[in-house]
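Below is one structure, written out as structure tokens, with a few remarks after it.
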């Protein structure tokens, strides 16, 4: 294969990656063609609110139910963990067939419990989330000359002392003619003609793809006379329905029913099927987002470069001094100077709680590997917003299989600290398999009891709890033990110098060493605090996060900065004859988690100030604590491994007597 052929292969690969990343495609995902008159069924997701962050089932409120009963749609593990409950709905219409004033149902007279629940959901600003052809319903509103996009629509609104429910929907379905050649080109696969529905060139019946789904909610007071003759679904309402989003008409009262109707209009659009998610991915202030990210990356890279240059020059100078002096000068320098050379007999002394350190480093490798692979796949478009729960499902699966890495690293580090002793490797493997998952299980179980008590769909079902425990002990634990077995068989890392039997006394320090360790987390925090805002907004404000390319760059930069910060702190400690660097190197970069937790509290107070109720605040702080713990283990592992490599390299590169 010549150079030109290799070049063509790389160009083809880059083109394919760019197509995948731009079009947000998943393997096996392709457009669905509907013929004119084909039935379109709308699904409903959980009711959500940024006021409480507690999702509820759509049918927990007195809404119309399908004639054939409520049925759950196919859900993956990630959807269940995120609290999504996708179910069928009574909203049905035919492709490219406009319909108006369609009667859906009239509920039974509202009981006192239903009336109070409706008022509470309206007060908490709960949103109804409709889904058509895997597209969430989107709502456009104008405010101060700007168009604001929302997913879903409110259950109702409170005006003065009355509560009004949105009981009439104007649904707009944007469609685009099915174009087989273009779809085949986008998919870029040789067997696409077999996978994608085809249209007969001689057929006069066009096919259409759904490329948009918009909703305009209205509150309309139906006439009691008109409702008497309507007993079945999908009949036409006899009188005109005026849908004015700025006006309200249907107030809810205890003991009175609610009637629901809808209109549907089909509009042919120029939007291509690969671009149908663009309306959901447009974020307000996008220019500020890109500029802030780039500015943060440049500043942090510049600071890290300065630290790295100064650090390398200092180490090289010390190495040169210690290697070039003769023995007499070296002895004199040992008496007159203090430095890292004086702790040669103690620098590799076993740290306190060595098994805990090994377990935390192993779990950190597991979490970091999961994060890198997940974000990389998401940046390439394999975990698109079109597939709900895929991101979380992928993270869980990757974490389980990376148990091999956790067991291997934990046991090999344990043997290194113990100078090759294999005793206790099984215990270390078990601890690595149960440490972080056990803490996560404890936090999530506590939060789940709160959600169960609130009858929220965010609560993990008991059956899923059993499945997660089985996955933990049947897949993750055995794989971690297998990794530990290989770690016990692998040769341990030998220390370049011997450790004295009597530990050296550490001279008193001017400043507490832990103060420097805690302060070191500010620099890694500076690499991600801007991106952290957008991630928090996507989690708690219902926005779609899609800039995984930038997130991957920020992650790589975070790893580099964590390594550099820990190296500098470790060198500073051994220069003042403080040889207890093991835990300090871990927390020098791991202390970024403290600042992230403070930032989470700040976000709760100032950005989620409308979050109501102690249950909501507890859920927020609990999930934040879970996230902070994972970040501490990942960043601390980076700092520790880089410092361990540096100390080993430093004391093996200089001749010491």
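Any Cβ shown, glycine's included, is placed from N, Cα and C.
Matching 464-488, 489-513 against TrEMBL, the residues noted as transmembrane segment span 464-488. Checking the ranges 267-289, 290-312 against TrEMBL, the transmembrane segment annotation falls on 290-312.
Here the transmembrane segment (432-452) sits apart from the transmembrane segment (514-540); fewer than 3 CB pairs are under 8 Å, leaving out pairs fewer than 6 apart in sequence.
At the 8 Å Cβ cutoff, the transmembrane segment (581-605) and the transmembrane segment (356-383) share at least 3 close pairs (sequence separation 6 or more) and count as touching. Counted as Cβ pairs under 8 Å, contacts with the transmembrane segment (464-488) are highest for 389-411 among 389-411, 514-540, 546-569, 625-651. Long-range contacts of the transmembrane segment (389-411) within the same chain, counting only residues at least 6 positions beyond its ends with a Cβ under 8 Å from a Cβ of the stretch, are 26, 75-82, 84, 358-359, 361-363, 365-367, 369-370, 373-374, 377-378, 383, 425, 428-429, 431-433, 471-472, 475-477, 479-488, 490.
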